[in-house]
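**Student:** Got a structure for you, questions after.
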Amino acid sequence: MDHRNLDPKTLKVSQLRRVLVENDVAFPANARKPVLVKLFEEKVRQRLQSSPEASKVRTSIQKVVKSGAKNADRKKTLKSKKLESSSSESKTVKDENVETNKRKREQISTDNEAKMQIQEEKSPKKKRKKRSSKANKPPESPPQSKSDGKATSADLTSELETVEELHKKDSSDDKPRVKELPKPELPNLKVSNEFLAQLNKELASAATENYDHSIKSTDLSSIRIETEEPVGPSTGAETRNESEVMENINLEVQPEVKEAKEELTKISETFDNQDEEDTSRLSSKKNIRSPKGRTRHFIANKTKRGIDIMKPFIAHLFIWLWNGAIFLSIICPILFGLWYREQRIQVGYCGHEKPLKSLAISAFPQTERVDSVLQAYRPNCLECPEHGICSSFMNVECEPGYEPKSSILETYGIIPFPKYCAKDESKEKEVDELVWKVNEYLKKKNAQHECGEGENLFESGETETKLYDIFSHSRPSWESQREFNDHWKNVLEILKKKDDIIWLPLDFETNGKREKSKSNNTNYIYRSTSKKWVTLQCHLEGDIQEYITKYGGSLFITLGVLFLIKKIQSTLDNYVQGEQIIEKLVKEAIDKLKDVKKNKGEEPFLTTVQLRATLLSDIPNIKEQNNLWAQTKEKIMKEQSENIELYLLEENGEIMTCWEWKE
């Protein structure tokens with residue numbers, strides 16, 4: 001390719017960047033392709049036109065183009081290797097089919113080699129020598145017009161792509177081939193004697209070896225048209241001569257390339273026709289069956305299709321039936337409940353029944369059967385509740401003082417349970433509260449006079465009129481006067497029945513007999529006998545005085561007897577304890593006397609003073625000591641007088657009484 005006619009738009013962005021960097025052209029880091037193309041036209045193309053720097057610029061451009069071509073070839077070989085590895089794992093083909101595929105590969109490789117050899121034979125000898133000396137240099141396109149160079153490169157790439165497509169088709173084709181394909185007619189191609197000798201060698205080696213796709217891809221990549229650049233720096237005259245030679249070569253090669261392309265298209269058409277024939281033959285063989293097997297196969301397929309069609313229908317039918325059963329299990333109880341509720345209301349209480357409507361419809365005789373079945377479940381009439389006034393449709397009105405009550409299970413009238421009459425608890429509570437207030441007032445009034453013991457009824461009690469005025473003015477605001485009057489009548493009746501309430505009419509005879517009231521407006525006086533609110537002082541004065549007068553004599557006698565018994569008991573206890581102490585002291589005194597008698601180193605006697613001090617040292621009271629010693633001495637002399645010798649001893653002018661134990 002002539003670098004002066006190079007179109008930078010055909011290059012990639014990475015290639016343009018590399019060319020600009022190698023030619024020391026600065027550009028922005030985020031520059032896009034139009035900016036890079038503009039810089040190439042302004043900077044690099046000027047250097048191509050100048051003679052001293054043209055070789056360097058061409059060298060950089062050739063490196064970039066060659067690296068791009070190598071990358072493209074490497075990608076193609078990798079793709080072919082991947083396709084071959086995937087196809088080799090999935091293939092299980094017979095020996096006959098393997099041989100046909102080998103022959104097909106041989107034909108494609110020979111066609112490709114022939115085409116490449118034709119182009120090499122037409123190239124000058126000088127370039128072949130340069131290829132042998134420097135095979136690693138990037139190819140240089142022959143100098144020609146822009147349109148001719150693009151056409152030749154496009155033809156070569158299209159031919160290589162057709163060959164690769166044929167290889168891919170063979171590797172991905174899993175259909176066995178019955179007939180061998182005809183070999184391409186190589187004599188139609190114009191080749192040299194050297195190329196024919198090389199081709200025969202490769203065909204001989206292909207008969208013994210099994211080509212894989214990796215070898216095929218390397219062979220295809222190795223057969224390329226490579227153009228070499230000059231070894232050293234060339235002058236302007238040499239470049240012009242070289243470009244003229246390359247133009248002549250391209251003009252000579254073009255007809256040969258066209259012929260090779262036509263041959264390749266013919267070969268691909270023959271391959272396609274042969275594949276179609278093979279597939280049609282195989283399908284015809286597979287379809288040829290015996291009439292019995294064909295009918296069995298037809299019947300089996302038909303039954304299978306029928307089962308496949310019936311399966312979803314049966315599943316949908318089962319789902320529909322299941323949903324229908326659930327719907328009926330819900331709707332039937334609801335309809336029966338609505339019918340029963342209507343019948344219950346229509347029947348109502350006994351003596352107030354209403355005529356029932358029949359469910360039978362003349363147009364549908366089946367409804368008569370349903371109506372006859374439901375008549376067995378028709379409810380019976382209910383008895384009217386106590387203290388109630390019944391009417392139709394289960395309506396109830398209660399007597400005065402009672403109110404209608406509904407059942408807990410009625411659920412706001414959805415289920416028609418009968419009502420009953422109960423006492424009006426609100427009125428009863430109001431009456432009870434008013435009775436309690438009046439009773440407490442009378443108790444306090446009674447406790448305020450003579451500690452509840454007064455005999456004057458007007459001081460300890462209250463008249464009916466005054467009680468009415470007091471509690472009428474203190475009634476709650478929401479209670480009317482009429483309601484209070486009704487409640488007051490009940491309050492007076494309840495007060496008269498209480499045990500701690502005394503009530504007397506104001507117009508009574510002196511002898512205590514009550515006169516018959518001349519009118520219904522007789523006024524009464526009420527008094528409470530309860531002492532609940534009497535003070536503590538009144539309780540003490542009255543109760544204690546009463547107890548003393550009633551139980552005083554017997555109480556004093558009881559206390560005297562108890563005191564006497566206690567005194568006697570204490571005296572006896574003291575006597576017993578004194579006797580026990582004296583017995584103990586007597587025994588200790590005798591033991592002391594015996595010990596002194598036995599001890600020969602000392603005097604064999606003890607004075608009464610020594611003996612008293614030894615025995616009564618624990619008792620601090622002198623009076624008690626004297627008392628105990630006197631009793632002890634008296635008891636010793638009375639019981640042990642025969643065993644004790646008593647004599648007087650004078651010492652230092654004092655006379656002492658001495659006791660000595662006789663053995």
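The first residue you see is number 1, and the count goes up from there.
Cβ coordinates come from backbone N, Cα and C, glycine included.
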**Student:** Which of the listed residues, Ser123, Ser290, has Swiss-Prot annotated as phosphoserine?
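**Tutor:** Among Ser123, Ser290, the residue Swiss-Prot annotates as phosphoserine is Ser123.
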**Student:** Would you please say which range out of 124-137, 138-151 has the annotation motif 'Nuclear localization signal' in Swiss-Prot?
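**Tutor:** Of 124-137, 138-151, Swiss-Prot gives motif 'Nuclear localization signal' for 124-137.
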**Student:** Any idea which of 221-243, 267-289 is down as region 'Disordered' in Swiss-Prot?
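**Tutor:** So the range that Swiss-Prot calls region 'Disordered' is 267-289.
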